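What follows is a short report on a single structure.
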Amino acid sequence: MAANPRKILVTCALPYANGSIHLGHMLEHVQADIWVRYQRLRGNEVHFICADDAHGTPIMLKAQQMGMEPEQMIEEVSKEHQADFAGFDISFDNYHSTHSDENRELASFVYTQLKDKGYITNRTISQLFDPEKEMFLPDRFVKGTCPKCKAEDQYGDNCDNCGETYSPTDLIDPKSAVSGATPIMKDSEHFFFDLPQFEDMLKAWTKSGALQTETSNKMQEWFESGLHQWDISRDAPYFGFEIPGETSKYFYVWLDAPIGYMGSFKNLCDKRDDLDFDEFWKKDSTTELYHFIGKDIVYFHSLFWPAMLEGAGFRKPNNVFVHGYVTVNGAKMSKSKGTFIKAGTYLEHLDPECLRYYYAAKLNSRIDDLDLNLEDFTQRVNSDVVNKIVNLASRNAGFITKRFDGKLSETFAEPELYAEFANAADRIAELYETREFSRAIREITALADKANQYIDEKAPWVVAKQEGKDQELQDICSVGINLFRVLITYLKPVMPLLTERTEAFLNETLTWEGVAQPLTNHEVTKFKALFTRIDPKHVEAMVEASKEDAAAAQVLIEAAKPTGPLIDEPIEAEIEFDDFAKVDMRIAKIISCEAVPKANKLLKFQLDIGGEMRQVFSGIKSAYTPEELVGKHTVMVANLKPRKMKFGMSEGMILAAGPGGKDLWILEPHEGAQPGMRVM
C-alpha cells in the first residue's frame, strides 16, 4: 500500500450513443484501463469513469430512422456499450449518460456561471435551413460539390477527395443530407462562449506540462491563427438540454458532453458515502484529474473545456493524454474488407486479453497511430504470452505437483537471478506511470527470455530422470515458477484475467511489493491451462463476420431510407394501350352521400354522369364526412361491371389517391369539366 496514496480521477472520452464500439474505441479504453489498474496496484485511490455522449442532431435523426424515441435508442446503445467494455475488462467505477439529471443540473450551472460573469454573448447568424424538415442543418448534414476540386457528394465542412475545408455555403449545388431538399439561408439568434477572453490563461496552461509536447505545439498554431467565440447553442428541433431562460434553444452537444465527466462522477458520489464531488472538482483541489482522448477531439479538450472550467470556477485537468488512430493491416479500417471490427464481434471469436496485450505492446506516450496487423497480432501473442510466459509455468508446475505435492522449495536456489527480476520493478513501474507500455512489455519479455534460458540450461525434464536429484529438481522448478510469478505481477495491469487464473494456481494474490521476495515452502494448486494460443482460423472468422456485420448494417440503412409512393408501391408491369383503352373514366357529380350503417369504411354515393344516375359504394369514410363531398365533381370508372355488395349494388368506382386511412384524396377535375365527359 502506498504510504501517501494519491487521489486520482480518470476519464475516457465519451462514446457517441448512435453506434457500436469498435476496436478503434477500444485502444483508448484499454490504454486508460492499464494505467488505472497500475495505479490501483500501487495502492493509489483511483476513480475511473465514463458515460455515453447522448445528445445532438445525429442521435435525433437516427432515432427517427429507427422509429423510436431518442431516449429509448440511447438506453439500448448504452447497454451494448457497457457489455462491450465489460467484455474487455475495462474496470470503470461508473458508466453514465450525458442525458441525465446530474448532467442537466451541472450544464445549467456552468452556463449560468459563465453568463453571470460576462462570458456569454448572443447575436443573429445566418445558417442553412432544410425547408422540408424545418430544421437548421449542421455542417455534416449538408452535401454538395466541392468548390475546389469539384468532387461530388462532399460534406459541408471539408472535402474527402482534396482535403479542402470550407463553409457549407461554399458548396456547389448543396443539398440537405436529411431530406435531399435544397437548403435556404435563415437567420437565428445564437449564444456564444467568449473564448478569446481566456487566451492568456490558455497560453500558460497549454505550456505548463498539462499536455503532451505535440499537443502543446499544435495549440500554439491555433493561438497564432486567433481564437474565436464558440457557438454553444442549437435551434429546435434538437435532442439535448434546453438553455435556461430561452425558448427552443438548446445547448450544443460539445458544451454538455465534457460536463458529462462531472455528471458521471456526481452520479458515483451520490451512490457512495465516502466520495466528495467538490474535493475532486473545486478550483483549489489537490486531487489529480486526467483525461484520455483521441487526437480528433484535442481542440475541445485543450481550449474550450479548460476555459469553461476556469470561467465556471472549477479546477482544470492535470493532464490530457492523447493517442492516435487505429489502422488495421496498415490501412484505415474498412467495412468491405472486414477490418472495421466491432468490439462485440471480436469478443465472439477471440480472447479480449490478446488485444489488451497487443495494444500494450505497441502503445507509448506519443500521439502515434497504432497498426493492428492481424498476422503480427497472432504471432506476437502466441510467441510472447504462450511460448515465453505461460509456458514457463507449464514446464515446471507438473513436476512440483506430481513429485513434491505442490510444495515449492524451502530455500530459493538462485537469489542473484531473482534479484535481477525483482530489481526491474522500479524501472517497469516508471514505464507504466509514463504510459510507455510498449517499453514495459519489452522489459517483461526480455526477462521471460532469461527465465526460459535458465530452464533450458537446467533441463528439469532430464534431472527428473536421474536418481537422487529430487532436491535439485524441486529447486529448479521452484525458481521457474517464482520467475513466472514476477512476470505475471508485472503484467497484472495488462492481463487481469490471466492474473486471476495465475493467482488461483499460485494460491496467492499478486502485489507489486510482493515481488521483492520469492515464494518458499509454499504450496501451489494443480496446474490448469492458463491461456489459449490464437488460432488463425478464429481471426479469419472474425474478419468474415465483420464483413457480414457491414452487410447487415447496410441492409438496415437501406431499410431506414426515406420512403415515398413509388418506393412503397412500385409501378405495376407495363400494359398495352388497347388494355388501357378498355377503361372508361367519366366525370361524375356527387348528388348525395351518406354513411352506410354497420360499415366502418363505406360511404354510399348517388352520382350524376350526364343524364344517368349511378349508385357507388366507396371505402373513403376515414378521410371524408358525407357533407364535405356533396356537390363536388370527381372521376369514376363507369364501365366497371356492377358488383353486388352486402349493402346494395355498386355500379362503378370513384378514383382516389393516397396510402389510406385519413390520407386519401378523391380526384377532382378543373373547373369546366361537366358530368359525363370522358377522361382521356
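Positions of Cβ are set from backbone N, Cα and C atoms, glycine also.
According to Swiss-Prot, the feature motif ''HIGH' region' maps to residues 15-25, out of the candidate ranges 15-25, 268-278, 532-542, 609-619. Annotated by Swiss-Prot as motif ''KMSKS' region', the relevant range among 77-81, 332-336, 672-676 is 332-336. Residues 50, 52-54, 56, 58-59, 62, 73-74, 77-78, 80-81, 84-85, 97, 325-326, 328, 333, 340-344, 346, 355, 372 of the same chain, all 6+ positions outside the motif ''HIGH' region' (15-25), place their C-beta atoms under 8 angstroms from a C-beta of that stretch. For the pair Cys162 (Zn(2+) binding site) and Lys335 (ATP binding site), the C-alpha distance works out to 22 angstrom. Here the motif ''KMSKS' region' (332-336) has, by DSSP, the following mix of helix, strand and coil residues: 0 helix, 0 strand, 5 coil. Between the alpha carbons (Cα) of Cys149 (Zn(2+) binding site) and Lys335 (ATP binding site) lies a span of roughly 27 Å.
Residue density at Cys162 (Zn(2+) binding site): 12 other Cβ atoms are found within 10 A of its Cβ, drawing on all protein chains shown. Of all the Cβ atoms in the protein chains shown, 15 others lie within 10 Å of the Cβ of Lys335 (ATP binding site). Cα of Cys159 (Zn(2+) binding site) to Cα of Lys335 (ATP binding site): a distance of 21 Å.
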